[in-house]
Amino acid sequence: MLTKFETKSARVKGLSFHPKRPWILTSLHNGVIQLWDYRMCTLIDKFDEHDGPVRGIDFHKQQPLFVSGGDDYKIKVWNYKLRRCLFTLLGHLDYIRTTFFHHEYPWILSASDDQTIRVWNWQSRTCVCVLTGHNHYVMCAQFHPTEDLVVSASLDQTVRVWDISGLRKKNLSPGAVESDVRGITGVDLFGTTDAVVKHVLEGHDRGVNWAAFHPTMPLIVSGADDRQVKIWRMNESKAWEVDTCRGHYNNVSCAVFHPRQELILSNSEDKSIRVWDMSKRTGVQTFRRDHDRFWVLAAHPNLNLFAAGHDGGMIVFKLERERPAYAVHGNMLHYVKDRFLRQLDFNSSKDVAVMQLRSGSKFPVFNMSYNPAENAVLLCTRASNLENSTYDLYTIPKDADSQNPDAPEGKRSSGLTAVWVARNRFAVLDRMHSLLIKNLKNEITKKVQVPNCDEIFYAGTGNLLLRDADSITLFDVQQKRTLASVKISKVKYVIWSADMSHVALLAKHAIVICNRKLDALCNIHENIRVKSGAWDESGVFIYTTSNHIKYAVTTGDHGIIRTLDLPIYVTRVKGNNVYCLDRECRPRVLTIDPTEFKFKLALINRKYDEVLHMVRNAKLVGQSIIAYLQKKGYPEVALHFVKDEKTRFSLALECGNIEIALEAAKALDDKNCWEKLGEVALLQGNHQIVEMCYQRTKNFDKLSFLYLITGNLEKLRKMMKIAEIRKDMSGHYQNALYLGDVSERVRILKNCGQKSLAYLTAATHGLDEEAESLKETFDPEKETIPDIDPNAKLLQPPAPIMPLDTNWPLLTVSKGFFEGTIASKGKGGALAADIDIDTVGTEGWGEDAELQLDEDGFVEATEGLGDDALGKGQEEGGGWDVEEDLELPPELDISPGAAGGAEDGFFVPPTKGTSPTQIWCNNSQLPVDHILAGSFETAMRLLHDQVGVIQFGPYKQLFLQTYARGRTTYQALPCLPSMYGYPNRNWKDAGLKNGVPAVGLKLNDLIQRLQLCYQLTTVGKFEEAVEKFRSILLSVPLLVVDNKQEIAEAQQLITICREYIVGLSVETERKKLPKETLEQQKRICEMAAYFTHSNLQPVHMILVLRTALNLFFKLKNFKTAATFARRLLELGPKPEVAQQTRKILSACEKNPTDAYQLNYDMHNPFDICAASYRPIYRGKPVEKCPLSGACYSPEFKGQICRVTTVTEIGKDVIGLRISPLQFR
C-alpha cells in the first residue's frame, strides 16, 4: 500500500473522489464537509451547515455540484464553485446514511434509517420515488453504473436489488411524476410501482452495512456485521451467492470492487483494510492501523486510487506503484509493459516488443538496468516484505519477432537491487545489505564489504552510488573504497547526464545536483513529490513533479515549464520535445517552450549575443524574468522588457540610466520618484536634472544651495524673490547670505522687527546712512543701541570664478554589451556603426586626446555641444580646427606615414599598467611568489629576513628552475614574437589586482623525494643521501601551502631532514677517523653513540644501534653495550639479528662494567653540535640555525650552518613563512 495523502480530522463517515480534478470530499462526524486537493496536499474549502454527523457525500460527474446527507434528516445540494448550499431536500424521517448522484439523470439516491430509499430530482428539487420494503435501517443504496437498477443494504440482513426502469420511463414526462407524488402525500411511505424489488439476497447472519455493483460484470459485493464479505451474481431472473471472503474479525463497514482488476477491497471496525482476490477468494494484502477503526471506502472512477475514512481522518492510497520500469541508452528506450519488454527508437518512433517476461511474480517490475554491450537487462522486483525481493537476468534475443516475441529463460535470484558495473559484471545488494559482484552466468565472483547502505545506483563503470538514511556515497567497487559523499536523505532515483559529468539525485521532495566528484552544485526543495527527470543536451535538468514539468540549472535556478494533468515519467529531452511514459506505460511526446531556461543559461554562460537575440525575438514576459534579471545584476536587460513606468523607473535608477529614469519620472510625476531621481542624478553630477527634481518637489532650501555651489547667482536671486513672495523669512535671509547682499539682509531684519541686528549689520558693513536712520528709531529711554565690534571680520561668500553651466564630466566607460547593442536599435543605430567602421584606424586609441584647450587649460567654447558648434562648417569639417597649419619645431619634423598620416593627429599612448609579475610581488610576502615573478632580489631579502639565508649560491639552481615555471608562452600571430601568460593559483577570484602565481612545487613532491633519501640511507650511500636531504630542506621555504596541517607537515619535514643530515654527517666523519690509538678508538665509539640519539626511521635505527653495539663490545664497555642491545631488541629486528643480539646481551650482563670512561651520558638529554659533533647537554648555552633548527656550541655563532650550508647560525629572524595564513 502506497499512501499518497493523509489527513487528520474528526471521524470520516463519507468519501467521494472528483472524476477529473485531484480533489476528494470528506464528510465528518462533527458535521463538517472538507474539500481536499490530494495532489497538492491542501485543504481547499470547508462546508459547515449540517447539524450533526454527515454520512452521505457524492460529487456530480459533470456539474460543479455535490450532495450530502446527514443525521439532521437533510439532503443538501452544494455548488463548490459558488462555495454554498443551493437547496435542501426534506422528506426523510431519520438519519440519512448515503447519498449518490445518478450517472445520467438528474437524480439523487438516498438511504435512511427511516427504512426507505428515496429518489430525488435535483433539478425540480422534489422526491420522485420512495422505495419501501426493508424492515430495518437502510445502510446503503447505490445506482447501477449502466442499467436501471439500485442495490441496497439493510440491517434487516438482506441486500435488495430494485428495478427502476418504470421510473425512468415515467421520468420522460415530468408532469406525471409530480402529480403522482402530490397525490400520495398521505401514504408516500408505501411507495408506488415506479420501482419494484427484483432480487432479495439473503445470506448474511447480521445486518448488512454496504453493497455495491461491479462496474462491468453482473456482480454485487456486500459487507456485514457478521464479519464477512460476500460476492453475489445476478441475471434477469435470479441472484445467488457466489462466495464468501472471511478474515475480518469485526464488523465490515464497506466493500468495493477494484475498477480495473479482479480485486475486492473491504475495510472494517477491526482497524484493517483487506484486499481479496476475486477468483481465489483469498486475502492478498492487509493494511492495519493501530488505533483507528475504518468506516468507509471510495474508489477513484478513472485512476488507481482509493480512499479510506477512519476515526482519525482519512488516507488516499494506491495498492501498488504505477511507475513504469524503464532504461534509456542512446536513442533507445527499453520499458516493461504487460509482461513484455518493449523497445522504442526515439528517432523513428518504432515501438516493438523484444521479449516476453517470465510470469510468477505478483509484483510489478520495480526498476531496470540495461547493458548495451551484452544486450542484457536486469529486472528487479520489490515485494512488500523486502527480504523476498528478487531480480531476473535476461539476455535479449537478437532477432526478436515483434508480433510474437520469445520468452527466453531468465536467471532469477533473490536481491534488493541489481545494477551493471561493467560489461560482464553486475552488482547485487542482497537481503543482508552486503554487495555481491556476479557475472553473466549469475555466479558470484566476489563479495565486497561496503559501508552501511540500503540501496545501490549506477555511477559509471566500476563505481556505484550507495544510499544510506541521510547521504549518498560514491564507491569504487574495484578499489573497495569510498570516493566521495553528499548529504541528502532517502534518494529514490539517480539520473546521470549523457557525459556523466553531472548527476541529479531525486528524493521525495528534494533534488540535489552534483558534479562527477559528488560536490553539491545546488539543492532544490519541492512541496509536491518529485517524479522523474532527464538531462537536456545543453546541461539543464528537466524534471517532473506530480503536476508540473520543471527545469533546474546547475547554478540553482529553477522554474516551471508547463502544468500536467496527470503524472508522467520523463525518459529523454531533446530540443522542444520531452519524451515520457505515462502510468499506462504509453510512450508520449510533449512539446515544451525552452525559452526561459535557455535565456537563463545563456546569461549564466555569458552568451550575451544569444540573450540579445531572445530579448528581441522571444516572447519572454512576466514579472519573474524582470525580477530574475534584476537579482542577477542585469537591470539594463530587464529595462527592455518592462512597460510599467514604475518598474522602469526603479530599474533605470539601478543601472544608472538617468535619461530613461527621467522619462519614467515625468510619466509618473510622483514626489517620491523625483526625490529618488534627484539623489541619483546628484551622485552622477547631473545638476540640471537635480535642479528639475528640486523644482518639482518644491525643495527650495536644496535648490538654493545647488545654485550656490554651481555659482548660478542669477537663479539664486530669483530664489530670494520667491522666498520673499512666499513670506519665508528664514529662506529669504539665507538666500541673502548666500548672495552676500548686505542691504537686503538689513531690510529683512528691519521688516521682521530685529532692529538691533539690522543696525549692527548696517553699521558693521559700512552702510552708514542706513545705520543712522535705524539709530534714530531707537527710544533712548527703553532701548540701548548695541556696540559695534571693532575687530569684526567680513564674512562674504566667495565669488564664483567659473559658474558651472554644464553637468559634471563623467568618465566614458565602455558600455555593457546590452547597453551598447540595445541603444543601437534607436535613432543613431546605423550612424554608430558607420562611425565605428570609419574610425578604426591607426589612431583608434583615443579621440579624447584631440580636445583644443585655451591658454588657461580649459576647453574652448567651440568644444561644447551647443547649436552653434554643430551648425557651421559641416561640409568642410572646419569646426574641428584640424586643418590649421601649426609651426612646429624642426626636431618634430616626422616623415609622413610614420605616425599614420597627417590627418591622424597627435597620438597619446595609454599609460602602462602594472605587470602581472609586479602584482604578484605586491600581493605576496612568500619568497616563491617573488621568484616566480622574476624578482630575485626581493625574494632573497625575504629569505634573509624569514629564515636567515646569507649564502645564496646553493639556491641558484632552485631559483632558476622555479622561475622557469612562472609563465607560459604561446605563439599568437606568425609575424609577432611569442606571448606570455601568467597563470594564477587563485584564478577563480583573482580579478585584475589580486593574482598570485601558480606554484609548481608541492609538499607531496618533497614527501615523495624523502622516500628516495630513505632508500639511499638504507643502502649506505650517506654522502649522496645528505645531498638529497639538503635539497629537500632548501626547497621547503619555496613552498606554498593552504592550511595549518600542511604548515605543520612542512616543519616536520625540516626536522626529519635535519636529523638525518646531522646523523649521517657524524657517521661519515666517524668513518674517516684513524683507529691507531686508544683515544682515537674512544672518539670513534663516542660518535657512534651520539648517532644513536638521532631521530631516525626504525629500519635505520636498527643499523645504527648494531654498529654502536659492535664497537662498544669490542672496546669492552659491556654496560653501555647492553643498553644498546636492549634498545635494538625493542625495535623488533629480524630473527637472526635478534638471536645474535641476545647472545651479546647475555655476555654483557655477565660482566656489566665499562672498561673506559667516555664523553657520553645516555641518561642526560643532549643535542649534537652539528659542527664539532660533541654533545651539548641540556641547560648548556646553545645557538640554533634559523631554518633547520640544528644546534651549535656558542663559539660557532655567526658562521654558516653546516646542515643547510646557506643560513647564519644564531641569526634573529621572523621565521619560516610558507602560507598566507601566517600573515593574518
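Glycine too: its Cβ is placed from the backbone N, Cα and C atoms.
As recorded in Swiss-Prot:
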- Ser173: phosphoserine (MOD_RES)
- Thr185: phosphothreonine (MOD_RES)
- Ser402: phosphoserine (MOD_RES)
- Thr591: phosphothreonine (MOD_RES)
- Ser895: phosphoserine (MOD_RES)
- Arg965: omega-N-methylarginine (MOD_RES)
- Ser1193: phosphoserine (MOD_RES)
- 3-38: repeat 'WD 1' (REPEAT)
- 42-80: repeat 'WD 2' (REPEAT)
- 84-122: repeat 'WD 3' (REPEAT)
- 126-164: repeat 'WD 4' (REPEAT)
- 195-234: repeat 'WD 5' (REPEAT)
- 241-278: repeat 'WD 6' (REPEAT)
- 282-319: repeat 'WD 7' (REPEAT)
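Structural mapping of features recorded in Swiss-Prot.
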residue : record                 : CB count, 10 Å
Thr591  : phosphothreonine       : 9
Arg965  : omega-N-methylarginine : 16
Ser1193 : phosphoserine          : 17
Exercise. Arg965 (omega-N-methylarginine) to Thr591 (phosphothreonine): how many Å between their Cα atoms?
Worked result: 54
Seminar exercise, completed: Given 3-38, 126-164, 241-278, 282-319, the one sharing the most C-beta pairs under 8 Å with the repeat 'WD 5' (195-234) is 126-164
Seminar exercise, completed: Counting Cβ pairs closer than 8 Å to the repeat 'WD 1' (3-38), the top stretch among 84-122, 126-164, 241-278, 282-319 is 282-319
Seminar exercise, completed: Sequence-distant residues near the repeat 'WD 2' (42-80) by C-beta distance (under 8 Å, 6 or more away from its ends) are 7, 11, 13-19, 23, 25-36, 86-90, 92-101, 103, 108, 110-112, 120, 122, 301
Exercise. Any idea what DSSP makes of Arg965 (omega-N-methylarginine), helix, strand or coil?
Worked result: coil
Seminar exercise, completed: Under 8 Å Cβ-Cβ from the repeat 'WD 7' (282-319), and at least six residues away from its ends along the same chain, one finds 1-9, 11-17, 19, 24, 26, 38, 61, 245, 247, 250, 253-260, 263, 265-276, 362, 384, 566, 583
For this session: Pop the mean pLDDT for the repeat 'WD 1' (3-38) in here, whole number is fine.
Result: 94
Exercise. Quick one: Cα separation, Thr591 (phosphothreonine) versus Ser1193 (phosphoserine), in Å?
Worked result: 86
Exercise. What does DSSP say about Ser1193 (phosphoserine): helix, strand or coil?
Worked result: coil
Exercise. What are the DSSP helix, strand and coil residue counts for the repeat 'WD 7' (282-319)?
Worked result: 0 helix, 24 strand, 14 coil
Exercise. What is the three-state DSSP composition of the repeat 'WD 6' (241-278), stated as helix, strand and coil residue counts?
Worked result: 0 helix, 24 strand, 14 coil
Problem set entry | In three-state DSSP terms, the structure that Thr591 (phosphothreonine) belongs to | strand
